[in-house]
Amino acid sequence: MSTKTKKSLVDRFLSSVERIGNLLPHPATLFASFALLVIIASWIASFFDLSVIHPGTKEEIHSVNLLSAEGLKLILTKMVTNFTGFAPLGTVLVSLLGIGIAEGSGLIGTVLKKIVLSSPKKLLTFVIVFAGILSNTASEVGYVLLVPLAAIIFLAAGRHPVAGLAAAFAGVSGGYSANLLLGTIDPLLAGLSEEAARIIDPTYVVNPASNYYFLFVSTFLISILGTWVTEKIVVPRLGEYKGDEKALPIEPLTALEKRGLVYATIGGLLFTAFVLGGLIPEDGYLRGEGGQILKSPFMSGIVALLFIGSAIGGIAYGIGAKTIKNDEDVMKGMSKAMQTLGSYIVLVFFAAQFVAYFNWTNLGLIFAIEGAETLQKSGLGAIPLMLAFVIVSAVINLIMGSASAKWAIMAPVFIPMFMLLGFSPELVQVAYRVGDSVTNIISPMMSYFALIVAFMQRYDKNAGIGTIVSTMLPYTFVFFIGWSVLLIIWIWFDIPIGPGASLSIPIK
């Protein structure tokens with residue numbers, strides 16, 4: 001089969017994926033539709049008196065009809081509190097306020113530029129992938145700044161610019177579920193997981209840092225795998241760059257940017273000293289009762305610490321670099337961050353209603369018990385079940401781009417189901433995140449996919465969706481294999497995936 005035919009098949013397949021994805025309504029409309037379907041389903045289930053026996057309590061669980069006077073009362077009186085009490089909403093708003101200051105002052109962009117420009121030539125690819133992973137702490141800075149910058153740096157180094165672009169894109173998007181730092185996505189997904197877990201256990205708490213150990217190790221794994229794919233597959237395949245684009249001089253950091261980094265470092269060290277001062281002593285002010293860390297102000301205040309740390313770093317940098325001259329500049333950074341959340345807040349309103357209705361009707365619990373019994377009868381263990389869930393998440397990601405929107409739909413079904421089999425919500429969440437990440441870089445539904453096409457067309461005028469996918473597909477396969485092996489090792493040795501987050505829970 002010729003290369004041309006192969007490309008046309010790839011294009012045809014991806015065009016089909018794109019068409020299917022485009023048929024889906026706006027995520028907010030999707031949740032509104034799901035909420036309506038749950039109401040109708042509750043009436044049907046109630047009509048047939050659908051019920052199951054809870055495997056733990058032996059209590060008979062009946063479906064609850066929302067198409068009734070009592071149901072209507074619930075829908076009308078709880079609409080506002082469903083929204084304001086939705087766990088992910090507050091955590092995302094607060095953490096993004098801090099990230100907004102750091103991003104608005106220029107701190108995040110300068111740090112990424114510094115990391116890439118300071119790296120030895122031999123480590124250039126590794127550093128670009130690594131910086132890409134770190135960049136997803138902040139929302140779009142990796143896509144907007146690092147991806148085009150990596151192409152320019154590769155071209156300046158006499159290498160194919162598309163290889164640099166691919167390496168950065170692999171880190172930013174393919175490494176979305178790896179990081180050394182907590183970002184806005186961590187409290188968001190944890191909040192959704194917590195809401196879903198409470199279908200089974202109303203007291204269950206999912207910490208935003210609950211996947212941190214796995215994400216930390218994944219950072220180095222994905223950096224190494226991304227480097228290997230770039231050097232061994234992508235660079236040889238692309239060959240020598242023969243395009244018209246000329247290498248541009250890469251501007252070093254200005255004196256003000258350097259001073260800003262010094263100020264930010266001092267601010268960061270002072271904040272770190274404050275945190276360690278509250279953690280290291282046994283009676284530290286950030287420890288809990290009896291000196292414990294897992295159930296402490298530190299763990300429950302992770303989001304607040306993320307906000308304060310980002311704000312201190314951003315303000316310190318802004319003062320040093322003179323990008324922040326007064327309090328108004330600080331507020332502008334936070335306001336700009338909030339402007340990006342308009343559609344998210346609309347989505348959350350409808351997602352909150354859907355999740356609440358799903359809980360009230362007991363349909364989530366009924367599906368979970370039935371599904372858990374089916375999986376139990378299958379005889380599959382933790383490893384095959386989690387790998388199957390990774391694949392399911394990866395496939396769904398091809399037609400629905402938003403990580404939070406997908407998880408808001410999937411979590412209320414899969415988390416209770418796996419909890420009844422003894423798997424922790426934190427393990428289910430990390431399996432979802434792996435699947436969601438590996439196909440990000442080949443999914444036309446990913447929100448920045450069109451931007452990446454535009455960046456690539458600067459160096460290849462004929463580049464399209466098929467070009468990007470054929471370039472990024474090796475990363476998807478290698479990341480999937482590497483991450484799956486890591487997940488198998490984690491489960492096999494029963495390693496906690498984050499602070500206070502074990503792989504299993506008692507079956508209730």
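From the backbone N, Cα and C atoms, a Cβ is placed for every residue, glycine too.
Beyond the ends of the transmembrane segment (28-48), by six or more residues, the same chain brings 62-68, 71, 75, 343, 346-347, 349-351, 353-354, 357-358, 361, 363, 366, 405, 408-409 to within a C-beta distance below 8 angstroms of the stretch. Annotation comment: TrEMBL describes 28-48 (among others) as transmembrane segment.
Here the transmembrane segment (86-112) has long-range neighbours at 131, 134-135, 137-139, 141-142, 145-146, 149, 183-184, 187-192, 194-195, 208, 253, 257, 260-261, 264, 303-304, 306-311, 313-315, 317-318, 321, 323-324, 329-330, 332-338, 340-341, 344-345, 348, 351-352, 355, 404, meaning same-chain residues at least 6 beyond its ends whose C-beta is under 8 angstroms from one of its own. Feature annotation from TrEMBL assigns transmembrane segment to 86-112 (among others).
As annotated by TrEMBL, transmembrane segment applies to 124-157 (among others). Within its own chain, the transmembrane segment (124-157) is flanked in space by residues 96, 99, 102-103, 108-109, 112-113, 115-117, 163-165, 167-173, 175-176, 178-185, 219, 222-224, 226-227, 230-231, 241, 245, 247-250, 337, 340, 448, 451-452, 455, 458-459, which lie at least six positions past its ends and keep a Cβ under 8 Å from the stretch.
The annotation transmembrane segment is assigned in TrEMBL to 212-230 (among others).
Below 8 angstroms of C-beta separation, residues 107, 110-111, 114, 253, 286-287, 293, 297-298, 305, 308-309, 312-317, 319-321 of the same chain, each at least six residues beyond the ends of the transmembrane segment (261-280), sit close to that stretch. What TrEMBL lists as transmembrane segment is 261-280 (among others).
Non-local neighbours of the transmembrane segment (300-320) in the same chain are 91, 94-95, 97-99, 101-107, 110, 182, 187, 207-209, 256, 259-264, 266-268, 270-271, 275, 286, 329-330, 333; each lies 6+ residues outside the stretch with a CB under 8 Å from one of its CB atoms. For 300-320 (among others), the entry in TrEMBL reads transmembrane segment.
Sequence-distant contacts of the transmembrane segment (341-360) (same chain, at least 6 residues past either end, Cβ-Cβ under 8 Å): 27-29, 31-32, 34-35, 38-39, 42, 64, 66, 71, 74-75, 78-79, 82-83, 85-86, 88-89, 92-93, 96, 195-196, 198-199, 402, 404-405, 408, 412. Residues or ranges marked as transmembrane segment in TrEMBL: 341-360 (among others).
Distant neighbours of the transmembrane segment (380-400): 17, 20-21, 24, 27, 406, 410, 414, 418, 421, 423, 427-428, 431-432, 434-436, 438-440, 442-443, 445, 480, 483-484, 487-488, 491-492, 503; these residues of the same chain sit at least 6 beyond its ends, with a Cβ under 8 Å from one of its Cβ atoms. Here TrEMBL flags 380-400 (among others) as transmembrane segment.
As annotated by TrEMBL, transmembrane segment applies to 407-425 (among others).
The transmembrane segment annotation in TrEMBL covers 437-456 (among others).
If you look up TrEMBL, you'll see 468-493 (among others) marked as transmembrane segment. A Cβ distance under 8 Å defines the sequence-distant neighbours of the transmembrane segment (468-493), meaning residues of its chain 6+ beyond its ends; these are 6-7, 10, 14, 162, 166, 169-170, 174-175, 214, 217-218, 221-222, 225-226, 228-229, 233-234, 237-238, 382-383, 386-387, 390, 394, 427, 430-431, 434, 437-439, 441-442, 449, 452-453, 456, 503.
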Sort out the residues at least 6 away from either end of the transmembrane segment (212-230), same chain, that have Cβ-Cβ distances under 8 Å to it, and list them.
125-126, 129-130, 132-134, 163, 166-167, 170-171, 174-175, 177-180, 182, 186, 430, 474-475, 478-479, 482-483, 486, 490, 495-499
